[in-house]
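A.B. asks: Following this message is one structure expressed as structure tokens.
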Amino acid sequence: ALPGVANARPALQESRERLSVCSKLCYAVGGAPYQITGCALGFFLQIYLLDVAQVDAFYASIILFVGRVWDAITDPMVGFFISKTSWTRFGRLMPWIMFSTPFAIISYFLIWFVPDISTGQVMWYLVFYCAFQTLVTCFHVPYSALTMFISREQSERDSATAYRMTVEVLGTVLGTAIQGQIVGKVDTPCVGSPFFFGLTNSSVAMEELNMTHDTGGLTDTRNAYMIAAGVIGGLYILCAFILVLGVRERREACELQSDEPVSFFQGLKLVMNHRPYIKLIAGFLFTSLAFMLLEGNFALFCTYTLGFRNDFQNILLAIMLSATLTIPFWQWFLTRFGKKRAVYVGISSAIPFLILVVVLDSNLFVTYLVAVAAGISVAAAFLLPWSMLPDVIDDFKLQHPSSHGHEAIFFSFYVFFTKFTAGVSLGISTLSLDFAGYQTRGCSQPGQVHFTLKMLVSAVPVGLILLSLLLFKLYPIDEEKRSKNKKALQDLR
């Protein structure tokens, strides 16, 4: 009977490691709040500050810049504090998610509220924007690290990550749609219409226009932004509730028999000296920069260079829907052919289409084709980093079996570098367009702006993608290495 019992134990243990579809869905839903709020802020905050809150453009740029910098800084900070957190009966990561949620909702709503104060308005938005970025980081960093605590099985973590990426891409579509549809139904008065600039007494015309702006539709527009914030805040709470109730954080999933505490700074030094992690981060750093340049400038490119002013919203929606629908395909592909091959095929698939869109004359069908192809690559870029990071952590554990509790460092610094690239892409785009002579809200743009937009959505992203593929050639964890690591970890446990 003893051999039978011995054979039954691994099967029983393997069944316990398997995650149900319900658990994977509950875990995946937890990724939506970060993407929904991030898209709403990314697409609409600048317009809101300038046209609705009527903040001076210089101070609006300070609010946006400081908020982005602070957002990047908070990731390693939160990672540090999480590493010092003790385990509770709810886990080590779940308490961060539970306690940050209500305060995040409050600060998010206040970002979209126009205070009735003559002075201090800039400080209002700066404080609540930075407060929300801190609180949403307190949600997202532990949620990202939770990947390592839901199962010890690589295949189960990869499957849960695919569920998560699908929901996160849906979250980007949902955030844009909710904010856009609610705010878009209000007829916001035009500011600085070119018609008025042609009048002799333009200052009088602008004064009349601003009075109409203040007394007419501005109040309705402000109310629409608050309604949208309320709807998104309700979704944030719902998703957090589902995550906390539907997912169990397993301490044993990430601890080895030889685990002993190691300080945060010792762990940080070990993490930053782990070559597979550095090579993975470097590769996805350039990939992220390429797609963020494309994302940030594609609407301008469609509007001015291609002349599709009334179609760019549908084109952007085609990108996100394509990304959402193809994430399951990439999950199947990486399972069947391996993650490194998925990187090469997925990331490079956009290159010919990015070249095609600038070589051919303006064509709506070709633009939609490029949008769908870009969405396929975006899906791969969304999925693969979060699927490959756990493999790097497993490799790290084998090389440093006496060190544990540094999962948050791996995830928080990846998020930090990703947000850093977002800031870099914003700076590159703004400076390049300004240097080329971009006219704010102009009906048309100079030839230099058209050339710059072509570079920002085609030549530069293609170059960055090719550079990232070269870096991925140096990434050492292939499928054979993953299998060896998996067996070695099982032996240690």
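Glycine residues also receive a Cβ, built from the backbone N, Cα and C atoms like all the rest.
Keep in mind it's a predicted model, so treat the numbers as computed, not measured.
Found this in TrEMBL, in case it helps:
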- 25-45: transmembrane segment (TRANSMEM)
- 93-114: transmembrane segment (TRANSMEM)
- 126-150: transmembrane segment (TRANSMEM)
- 224-247: transmembrane segment (TRANSMEM)
- 280-306: transmembrane segment (TRANSMEM)
- 312-330: transmembrane segment (TRANSMEM)
- 342-360: transmembrane segment (TRANSMEM)
- 366-387: transmembrane segment (TRANSMEM)
- 408-431: transmembrane segment (TRANSMEM)
- 451-472: transmembrane segment (TRANSMEM)
A.B. asks: Considering only the recorded stretches 25-45, 366-387, 451-472, state which has the highest number of Cβ pairs under 8 Å to the transmembrane segment (224-247).
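C.D. replies: So the stretch in question is 25-45.
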A.B. asks: Tally Cβ pairs under 8 Å between the transmembrane segment (451-472) and each listed stretch (25-45, 280-306, 342-360, 366-387), then give the stretch with the top tally.
C.D. replies: 280-306
A.B. asks: Same-chain Cβ contacts of the transmembrane segment (366-387) under 8 Å, 6 or more residues past its ends?
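C.D. replies: Same-chain contacts beyond the ends: 144, 147, 158, 161-162, 164-165, 168-169, 280, 284, 287-288, 291, 294, 298, 302, 306, 308, 311, 315-316, 318-324, 326-327, 329-331, 334, 339, 342-343, 345-350, 353-354, 356-357, 360, 414.
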